There are 2 protein chains.
Amino acid sequence: MTWVEVNAAPELIHTPPLRLKQKSADRTALNTDMYCLLKCSPLILAVAVCHGWLFGDFVGKQKELDEISLWPLPQKFQSSAVAFKLSPGSFQIVHAKQSSAGPSCSILVNAFRRYFEYMFGDLKKHEKSRKKVYDSDLAELQVWITSADPECDGYPSLQNNINKTDISDFPRFAHRGILLDSSRHFLPLKVILANLVTMAMNKFNVFHWHIVDDPSFPYMSRTFPDLSQKGAYHPFTHVYTPSDVKMVIEFARMRGIRVIPEFDTPGHTQSWGNGIKNLLTPCYSGSSPSGTFGPVNPILNSSYDFMTQFFKEISTVFPDAYIHLGGDEVDFSCWKSNPDIKKFMVQQGFGTDYSKLESFYIQRLLDIVAATKKGYMVWQEVFDNGVKLKADTQIHVWKERPQYQDEMAKVTAAGFNALLSTPWYLNRISYGQDWVNIYKADPQNFTGTDAQKKLVIGGEACLWGEYVDATNLTPRLWPRASAVAERLWSDKSVTDVGNAYKRLVQHRCRMVKRGIPAEPLFVGHCRQEYMGL
Amino acid sequence: MTWVEVNAAPELIHTPPLRLKQKSADRTALNTDMYCLLKCSPLILAVAVCHGWLFGDFVGKQKELDEISLWPLPQKFQSSAVAFKLSPGSFQIVHAKQSSAGPSCSILVNAFRRYFEYMFGDLKKHEKSRKKVYDSDLAELQVWITSADPECDGYPSLQNNINKTDISDFPRFAHRGILLDSSRHFLPLKVILANLVTMAMNKFNVFHWHIVDDPSFPYMSRTFPDLSQKGAYHPFTHVYTPSDVKMVIEFARMRGIRVIPEFDTPGHTQSWGNGIKNLLTPCYSGSSPSGTFGPVNPILNSSYDFMTQFFKEISTVFPDAYIHLGGDEVDFSCWKSNPDIKKFMVQQGFGTDYSKLESFYIQRLLDIVAATKKGYMVWQEVFDNGVKLKADTQIHVWKERPQYQDEMAKVTAAGFNALLSTPWYLNRISYGQDWVNIYKADPQNFTGTDAQKKLVIGGEACLWGEYVDATNLTPRLWPRASAVAERLWSDKSVTDVGNAYKRLVQHRCRMVKRGIPAEPLFVGHCRQEYMGL
């Protein structure tokens, strides 16, 4: 039944599939919405693809688009012609009898509520305005029924048909992450939370928080308050307090998202040096200090004492089993200029191979972090330099040379878990539809055995902060990151760009409707345009 | 005198120069803020560069930055060490005795109010919170006076020193425009108004409203309501009503901004065909119509009858002396397929030169528009094709080939006014600081006589709508368009990129502070970050 009502803007309720159950062979996969259900057995369930309140000429075209707007595409789904009515008064989301989770799972309760809102939020608004119309003395209300629904005596329902659909779903990769950089530009909490909400809509399950770096140190440490006091852009307005950090972690947890913080050393640490005396290597110009500083000083015991205390704090603040330790892009020029470092190189028999000094530092750092019972992720250089790593280390591949396919092969051949980011540096932009190349990249597209392929745990879309802050982060990230989301969630065979385009256009309008300024893919419109600035 | 107050966030009041008078030899230059003053004689005046409420270590660095943050750079300014106090209770913006404008100029009254708000808006907020602090039983308030100001017994003032500065200013070019495209994506009114506000902050004075195009026709015509009824993305939610258009024009006028609408024909008119029968050329596949349509049909009298009525409406709705008539990118393939058109070509003796047919159409259109007493702007193709043009026609240069320098030389050699956009297609994006090349382009940088250079009336930054809508338009446009703003306003000699960078960083923070999500140029921060999403 489709109603057309004068003075009521047409609405279309885009309902994402409710994945009430899912396959869980993938034990580390944290479904962004159904976190609690990891231990469930595989199951198939009925799921809703809603058709909306359609308007005049738009009916045919819109209906077709809606049917294919699932994103990321489920592993299996089968829609049928059997139609059900759906109304907020009688519809419930309930725990199945066979479910191993129940009302005590607060994450599920929250997810049920969130999806109910997504499904019926607008409807409630319209019910109100409809009542108003019926109660008031409006001279004329034209109701135009375009379907042959026999229930034309009943109250008009904004939303009605829902096709019976079976969905069986599970993620292809366990690690589906987004990296945000809060050091190059400070990201207000509001922006981080909004992007966690959007990550959940796209079934991302890891927020890689590149929280500090050279330009600023916004993480407020209880143990070393000077780090942010002297290293943040501003000690009060541009910091994340312990309470902020807790809120981010809990907000993420409720959406099935892990928060993995990155504290990158020994390079990328300029801002650390403001708060911690003697942490960084003094650079020399000839025979005297130049006044500038390089990477963490790897030859002082005090550096390791600091790291021990610092990572002890970090390991308690962040509950996730993993910490990202960075280890990328160490510039050797300062170390090379420093006479004490040069002496140390000779003593250790490193010759002039400064990557050995880097490895010396990293090795001690890894031992420090391992003692906190955390696993660690590192950027690929740490592996490339031959540092001895724990078996469960996750190697994060990001460099363009050598080709990432070769690096993925090498990392997995050595038996390590690999994580891909090279093709997903979303900070890099170009004119036109660059989501297509993002979509085409595949983390398992390299030459290797099945065993190697299984060591690929997923990937991350990275939005480095040189050119983004609160003003432009969200539209730059979405829906381009949605392309990564589908690559990491859906089956390997889901590669049809034309089909993806149609669904992604609808998916981005769904995000816009929910208040997220996801940018357009190309010419067109959303039924509800973005209402912010 | 600088005060530091515990619990009060440090504030910095960035005050743009108040251009209370300006040179007006350039009669068509509409100062974005002082529209009424066009007829004034040249004058020099004292202007404020405010220093703010500075905080601890930031004082020195911040002060230095503030002093150079004027944007666009005035023609002449001289700051001195003489300092005045400035407070909202005693400061007024008044009409000078010699001014030819007075209180009856509502645009000036509005501008005075707007700049007073920019200057003291935040101060008022803080005065409130300060009172609260003084009235309450706060145990400790640390006030730290870092200057030797003798008035330390008085109430703390958030804002104080203002250096005596003489500014003499006027725009280099009369036409400083921004093109927004509301056809490829519909732009909600809110977005258009916010960008008019930002244009005023950057001394742009022309809003080139590319209001309709192939994808949609959001302009609601009183004469031909079917144009938007059948040609808009949605007939109610994605249209500009007559009232919307009026509001845009008045909102712009109050900010010294002209609104020049573009109704591009005979190409780029697919959406027109939905509402007006027989307006577009039927394309043929072999000997029968293919069902698709091409440019406006130039061989039917009904096309010209329609244009006569339509532009009669447009000429009354839009008060500006100019209308942009488009005339770009006419695809001849449909005309070539149509047997009636081919017959007409023979009759007219055009041979197979379809640009002659295009010129035939444009010639008649120009006569129609000239009859409404409007001047017209056209894209460069119209000039390239040798159409006979009124002497006051403005030729809009946009193509990359031939090089725009050659085209500017040709247009001005023929005695026409020229307007540059080629290097300022801001919809085109690339990774990194692309504002630098935008900044370096100069509309008078071509080989030609002084007389030719004088025919260059300015330029426009264009933001075509393929990839932008309400979600990302504002940060994509600003501060990149600010680079164009300075090029078109400031003296030709203002080309130092390093100096511009420092000022532009501050200028973009000023926009952010005023609620505009202007994106960052590079790593760094604003005292007040963007508070929206």
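Heads up, the Cβ atoms here are built off N, Cα and C, so glycines get one too.
TrEMBL labels come from automatic prediction, so no person has curated them.
What TrEMBL records for A:C105-A:C152 (among others) is disulfide bond. A:C105 (disulfide bond) carries neither a helix nor a strand DSSP state and counts as coil.
The domain 'Glycoside hydrolase family 20 catalytic' annotation in TrEMBL covers A:173-491.
The disulfide bond annotation in TrEMBL covers A:C283-A:C334 (among others). Other C-beta atoms found within 10 angstroms of the C-beta of A:C334 (disulfide bond) number 21, with every protein chain shown included.
For A:E329, the entry in TrEMBL reads active site, proton donor. Within 10 Å of the C-beta of A:E329 (active site, proton donor) there are 13 other C-beta atoms, taking all protein chains into account.
Positions annotated as disulfide bond by TrEMBL: A:C509-A:C526 (among others). In the three-state DSSP scheme, A:C509 (disulfide bond) falls into the helix class.
In the three-state DSSP classification, A:C283 (disulfide bond) falls within a strand. Over the domain 'Glycoside hydrolase family 20 catalytic' (A:173-491) the predicted model carries a mean pLDDT of 97. Cα-Cα distance from A:C509 (disulfide bond) to A:C283 (disulfide bond): 52 Å (rounded to the nearest whole number). According to its DSSP assignment, A:E329 (active site, proton donor) is coil.
Ranking the disulfide-bonded residues A:C105, A:C283, A:C334 by the distance of their Cα atoms from the Cα of A:C526 (disulfide bond) places A:C105 first. The disulfide-bonded residues in question are A:C283, A:C509, A:C526, and the one with the fewest Cβ neighbours inside 10 Å is A:C283. Checked against A:C105 (disulfide bond), the recorded positions A:C283, A:E329, A:C334 differ in C-alpha distance, with A:E329 being the nearest.
Rounded to a whole number, the distance between the Cα atoms of A:E329 (active site, proton donor) and A:C283 (disulfide bond) is 17 Å.
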